[in-house]
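Over in TrEMBL, the protein carries these features:
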DOMAIN    1-376  domain 'Major facilitator superfamily (MFS) profile'
TRANSMEM  27-48  transmembrane segment
TRANSMEM  54-71  transmembrane segment
TRANSMEM  83-101  transmembrane segment
TRANSMEM  107-128  transmembrane segment
TRANSMEM  188-207  transmembrane segment
TRANSMEM  227-247  transmembrane segment
TRANSMEM  254-276  transmembrane segment
TRANSMEM  282-311  transmembrane segment
TRANSMEM  323-342  transmembrane segment
TRANSMEM  354-372  transmembrane segment
Amino acid sequence: MLAVGGMIGALVSGKTADYFGHRTTMWIINVFFILGWLAIAFTKVSWLLDLGRLLQGIGIALTSYVGNIFIAEITPKNLRGGLVSLNSWMTGSGVAFVYLIGSVVKWRGLALIGSIPCLLQILCLFFIPESPRWLVKNGREKEFEGVLQRLRGKKADISPEAAEIKEYAEFIQLLSENKFLDLFQKKYARPITVAVGLMLLTQFSGLTGYTFYMTNIFVLAGISSEAGYVTLAVVKILSTTLAIFLIDKSGRRTLLMVSAAGTCLGSLLTGFSFLLQQDHHYWISVLALTGVSVYFVSFNLGISGIPWIIMSEIFPINVKGSAGSLCVLIYWISSWAVSYTFNFLLQWSSTGTFIIFAAVSALGFLFTVMLVPETKGRSLEEIQASVTRVLRYRNAKSSFV
């Protein structure tokens, strides 16, 4: 039901953010989350559990899109990667924190605890400005300059950045309206291929299988669930913290390649441990936990957050809503496919399951080498003009290559 809700949310995520704005969409997101948690916490019938998960899936899909887009659009180019990674760090740390709380709190209490951050964000949103790029796209130029000045500081000279944003927004609006079919023009072939490919890598490298069925993996590997979850909590926090410091130093592309290679190694180690399971040696359980830990360390270093960073950077503003909806929809369809098939795959072959995940990670490494651009240290306008092959927009507002 979470994945089904994600698909529904994906279909409307881009248009919702385009129409209502990023800040208002975040208010809507938190309403979905709170209603979902309350349905779970106070349910006395099973269908309310399904409804709660459905509402949360819609909220997660909306925030997967608008959260990363909003951060990318308000942040200076030299800090953009780190701050979007900070978003992933908060997600990973939140999951790790809930792993720990969930070991001592019953599920109804855990649901109520889950609603607290949502209530806090509703209050905090009163103090958060709208995206300056969304404002200029919607003709609110006076607000745009005020918000940009507020984001950059009272004494900052925003003139060059403001001029670039306005000029590119005016130019891009001349190209086409924001329609879904616009995505399939030749000039958008590369960004669509890159974004969709990275969304597929995120899920088919095994994320949902590892996350949703971690207890099953621990049981099969002979690992104590308590010890396993505490280990993963520490691993998640440390690896996502490291990613924040590396993202704007090593670059998106390099870190993504390291991440894909690492998830491939982690899945191979996990699969190999299941192959040797009949020997019943203690070190085989240690090998399984090592493989899972290597997977999550590597995943959190790059694949966890970088696809969302790149998705938020490479699409021009006129198709960003439709492109975002498509990417989030692909992500959730993939999530549903992996979560639905994982148990069947384990019954078929526990070793083979993780070999498949390793193979996908290896393909993801090659995909990154061949197609994924480096976006570190470049403005959104520079990235979008180069990736969509729209050149010289400053000098000729109708020139294409």
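Cβ coordinates are placed from backbone N, Cα and C, and glycine is handled just like the others.
The stretch from 188-207, 254-276, 282-311 that makes the most Cβ contacts under 8 Å with the transmembrane segment (323-342) is 188-207. Under 8 Å from some Cβ of the transmembrane segment (27-48) lie the Cβ atoms of residues 16, 20, 54-56, 58-59, 62-63, 66, 107-109, 111-112, 114-115, 118-119, 121-122, 125, all in the same chain and six or more residues away from its ends.
Non-local neighbours of the transmembrane segment (254-276) in the same chain are 198, 201, 205-206, 217, 220-221, 243, 246-247, 284-285, 287-288, 290-299, 301-304, 306-307, 350-355, 357-359, 361-362, 364-365, 368-369, 372, 374; each lies 6+ residues outside the stretch with a CB under 8 Å from one of its CB atoms. Tertiary neighbourhood of the transmembrane segment (354-372): same-chain residues 190, 193-194, 197-198, 201, 204-206, 209, 252-253, 256-257, 260-261, 263-265, 267-268, 270-271, 274, 291, 303, 310, 345, selected by CB-CB distance under 8 Å and a gap of 6+ residues from either end.
Each residue in the domain 'Major facilitator superfamily (MFS) profile' (1-376) has a pLDDT score, and their mean in this model is 86.
Long-range contacts of the transmembrane segment (54-71) within the same chain, counting only residues at least 6 positions beyond its ends with a Cβ under 8 Å from a Cβ of the stretch, are 1-10, 12-14, 16-17, 22-23, 25-26, 28-30, 32-33, 35-37, 39, 80, 83-84, 87, 131, 308-309, 311-312, 320, 324-325, 327-328, 331-332.
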